[in-house]
Amino acid sequence: MSELKTGHAGHNPWASVANSGPISILSYCGSSILMTVTNKFVVNLKDFNMNFVMLFVQSLVCTITLIILRILGYAKFRSLNKTDAKNWFPISFLLVLMIYTSSKALQYLAVPIYTIFKNLTIILIAYGEVLFFGGSVTSMELSSFLLMVLSSVVATWGDQQAVAAKAASLAEGAAGAVASFNPGYFWMFTNCITSALFVLIMRKRIKLTNFKDFDTMFYNNVLALPILLLFSFCVEDWSSVNLTNNFSNDSLTAMIISGVASVGISYCSGWCVRVTSSTTYSMVGALNKLPIALSGLIFFDAPRNFLSILSIFIGFLSGIIYAVAKQKKQQAQPLRK
């Protein structure tokens, strides 16, 4: 069992908060926005090329934070044991693949392009729920998915306009380099698949193992540590020169901040999946790209044009339609649960 220490055992005011769908969604939104922005900052630092190390720091911070909370009596979760570790290891492995491919995609792609494939993940997860959990997708929900994809396509057109304008201002050789294949598409395609598998399989394993939020957070991160370190030693450059370039004061500070942000996203992602559904979790993740797009205008010099702004409005419209569709579905099935 895992829980947050809340005081007396009688009526627990925190119980309603811990099982609140809207609060879990808002918490997940805030933490995931902070996580994405800090990750984008880290991977865009000059000469930074040790993504696995960055992700290792994040998981290490999460693990240490949980252990401290447990010592202080504010958190309870299952101790690491062989049976649970064996059952949960595939989830942690998928988590490593998901967060690594996400960091590589953010490194090479603009946020609007990144959003397109995240929206495709929503559809994969929605129909994955149909296959694995007996769920259903209404025509109204499908309409919201299509609108979300449309908002991403419109954002991409805006991004392409900006790229074309930039290429036109460059010399012919540089323009050719701009037009060359972007490896970010490969990373995004891989991230799309691993994200869908992670969310669907984690939800199933949570039901089978009866993991609570802190259990999920602890096992996700502590099992990811050796995987991340092994991958880093295998594929990343650990020479003294490269370590010096990667571990500057700016990069270390940014990695610590991103590690703190990962504490929130690690807890809130499991919390959101438990009290809502994996489709709602993924849709909220896609809606996060809207404020992230706005932060990109401020921090990351994202394209500023009519199409970029239009995509934001279409995205919010799709979110409203999705919320109404979910409400109608619940009203049509009042006796379930």
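FYI, residue positions are counted from 1 along the chain as it appears here.
Just so you know, glycine gets a Cβ as well, placed from its N, Cα and C.
Source: prediction; values computed, not measured.
Swiss-Prot annotations:
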BINDING   Thr279, Thr280, Tyr281, Ser282, Met283, Val284, Gly285, Ala286, Leu287, Asn288, Lys289, Leu290, Pro291  GDP-alpha-D-mannose binding site
CARBOHYD  Asn119  N-linked glycosylation site
CARBOHYD  Asn242  N-linked glycosylation site
CARBOHYD  Asn246  N-linked glycosylation site
CARBOHYD  Asn249  N-linked glycosylation site
REGION    326-337  region 'RET2-binding'
TOPO_DOM  1-16  topological domain 'Cytoplasmic'
TOPO_DOM  38-51  topological domain 'Lumenal'
TOPO_DOM  73-92  topological domain 'Cytoplasmic'
TOPO_DOM  114-119  topological domain 'Lumenal'
TOPO_DOM  141-144  topological domain 'Cytoplasmic'
TOPO_DOM  166-180  topological domain 'Lumenal'
TOPO_DOM  202-215  topological domain 'Cytoplasmic'
TOPO_DOM  237-252  topological domain 'Lumenal'
TOPO_DOM  274-279  topological domain 'Cytoplasmic'
TOPO_DOM  301-304  topological domain 'Lumenal'
TOPO_DOM  326-337  topological domain 'Cytoplasmic'
TRANSMEM  17-37  transmembrane segment
TRANSMEM  52-72  transmembrane segment
TRANSMEM  93-113  transmembrane segment
TRANSMEM  120-140  transmembrane segment
TRANSMEM  145-165  transmembrane segment
TRANSMEM  181-201  transmembrane segment
TRANSMEM  216-236  transmembrane segment
TRANSMEM  253-273  transmembrane segment
TRANSMEM  280-300  transmembrane segment
TRANSMEM  305-325  transmembrane segment
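Contact between the transmembrane segment (145-165) and the transmembrane segment (181-201) is absent: fewer than three CB pairs lie under 8 Å, with pairs separated by 6 or more positions in sequence. The transmembrane segment (17-37) shares the most Cβ pairs under 8 Å with 253-273, out of the stretches 52-72, 253-273, 305-325. Cα spacing between Asn119 (N-linked glycosylation site) and Pro291 (GDP-alpha-D-mannose binding site): 15 Å, rounded to the nearest whole number. Through the fold, the transmembrane segment (181-201) approaches residues 90-91, 94-95, 97-98, 101-102, 104-105, 107-109, 113-114, 116-118, 120-121, 124-125, 128-129, 132, 273, 278, 281-282 of its own chain, all at least 6 residues removed from its boundaries and within a Cβ separation under 8 Å.
The transmembrane segment (253-273) shares the most Cβ pairs under 8 Å with 52-72, out of the stretches 52-72, 93-113, 120-140, 216-236.
Long-range contacts of the transmembrane segment (216-236) within the same chain, counting only residues at least 6 positions beyond its ends with a Cβ under 8 Å from a Cβ of the stretch, are 2, 49-53, 55-56, 59-60, 62-63, 66, 77-78, 80, 84-85, 88-89, 91-93, 95-96, 100, 202, 206, 266-267, 270, 274. Once Cβ contacts within 10 Å are tallied over all protein chains shown, the glycosylation sites Asn119, Asn246 are led by Asn119. Taking the Cα atom of each, Pro291 (GDP-alpha-D-mannose binding site) and Asn249 (N-linked glycosylation site) are about 28 angstrom apart.
Of all the glycosylation sites listed here (Asn242, Asn249), the one with the fewest other CB atoms within 10 A of its own CB is Asn249.
Helix, strand and coil counts from DSSP across the topological domain 'Lumenal' (38-51) read 7 helix, 0 strand, 7 coil. Its Cβ taken as reference, Pro291 (GDP-alpha-D-mannose binding site) is surrounded by 15 other Cβ atoms within 10 Å in the chains shown.
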